[in-house]
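Marked as topological domain 'Extracellular' by Swiss-Prot on the basis of sequence analysis: 1-39, 104-112, 181-198, 302-315. As annotated by Swiss-Prot, N-linked glycosylation site applies to Asn6, with the evidence given as sequence analysis. Among the features that Swiss-Prot reports, transmembrane segment is placed at 40-65, 77-103, 113-135, 155-180, 199-223, 274-301, 316-337. The topological domain 'Cytoplasmic' annotation in Swiss-Prot covers 66-76, 136-154, 224-273, 338-463. Taken from Swiss-Prot, the feature disulfide bond applies to Cys112-Cys194, supported by sequence analysis.
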Amino acid sequence: MENFYNETEPTEPRGGVDPLRVVTAAEDVPAPVGGVSVRALTGCVLCALIVSTLLGNTLVCAAVIKFRHLRSKVTNAFVVSLAVSDLFVAVLVMPWRAVSEVAGVWLFGRFCDTWVAFDIMCSTASILNLCVISMDRYWAISNPFRYERRMTRRFAFLMIAVAWTLSVLISFIPVQLNWHRADNNSSAHEQGDCNASLNRTYAISSSLISFYIPVLIMVGTYTRIFRIAQTQIRRISSLERAAGQRAQNQSHRASTHDESALKTSFKRETKVLKTLSVIMGVFVFCWLPFFVLNCVVPFCDVDKVGEPPCVSDTTFNIFVWFGWANSSLNPVIYAFNADFRKAFTTILGCSKFCSSSAVQAVDFSNELVSYHHDTTLQKEPVPGPGAHRLVAPLPQNRGDAGPNFDKVSVVSDDSRADRNLLLPAILQCDCEAEISLDMVPFGSSGPADSFLIPGQIQDLGDL
């Protein structure tokens, strides 16, 4: 999204030059900033950013189109919508501005107004899709059974339609009606410039819809997700300690087991916090500087001749590209999970370089994120006194037509059914064996003494 302003300082006539001479349009066009080498380097960096954005988001769309089990998951509709909005950023927004950055002038004439509308629409759609994903994950985690009943394809498409409709309403209508400008000068693009000074009303209102309200929603949902995960991690830890105490009658051995369980619980909580910090940190780092300037610049006094602008064009453009760079990072954060990675390796034909059980730590296609540790060490299940009353895990959701690679999920605070624990972790891009924490049965009132922890308990190790 872009908010441009341009202030040209008057030039004093030099000796021997008629001060009343006619200035041609070509002389009005600002010269490119920096030398040839600087502009060449800028072009290479921007080209690499555009290509990476195109490849990453195209892979996401291709994977969903090609593999039926990815299409069968309703939550992947939000990931695809995000990928489409980021593809539009890479096709409709980035290239035109990159050419202008290298050339130093706007070369596309009256396409300027349409480009500004595309810029606002695509950037807003990308951010609103991120907000929709956070809301979807919170609903799935806070009340998983109600979520499974209510999150139909129709409802998912309705949420996506609302996000795109808002994006179109705050972009094309104001821009085409010229409501967004602080002045009525619409001929800037005819002079080799595509800078539009946003008026204060539009700058504030569009920033609220495009960024500030969505970021508040995301902070709230991810904070709540962390608290839910933290509660369930501690509940699982108490179950592990109870099972260990039943199996180990010697007091000193039980004490050692308790200490180890507490350390494991702390490491799991740390991994949850790190993952959610990466999700929010990348988004805020990319977009916050731009939207701060977007609201500050319209209040700058740029009418005083001879005074420098409060924010330089170079600084503003850098932060604009930081925001667009978020579109190249979204596929890595939101689509690099077990399901998508298997699809990517198949599409790219590089499955022989990765084990078939290779997984990623962050999973937004099923629950929120899935935890898979980076070691092959496993602990054998510890039989306790209640082993003869072993409770079998609940079957997985039959509604998923494809293979389910996610072994861990989240339980709500008030849920009375046995569910899997979701333990997110930091993104891992190496080919690693999959180790998971199988289902641990418990009730809403806490661990039951007669329950045995079935399956294998993963050894988290040091981060």
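We count from 1, first residue shown onward.
A Cβ is built for glycine as well, from the same backbone N, Cα and C atoms used for every other residue.
Since this is a predicted model, take the numbers as computed values, not measurements.
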Cβ neighbour count within 10 Å of Cys112 (disulfide bond): 22
Best-contacting stretch, by C-beta pairs under 8 Å, relative to the transmembrane segment (77-103) and drawn from 40-65, 113-135, 155-180, 199-223, 274-301: 40-65
Recorded stretch that, among 40-65, 113-135, 155-180, 316-337, has the most CB pairs under 8 Å to the transmembrane segment (199-223): 113-135
Three-state secondary structure, Cys194 (disulfide bond) (per DSSP): coil
Surrounding CB atoms that lie within 10 Å of the CB of Cys194 (disulfide bond), all protein chains: 24
Three-state secondary structure, which DSSP defines for Cys112 (disulfide bond): helix
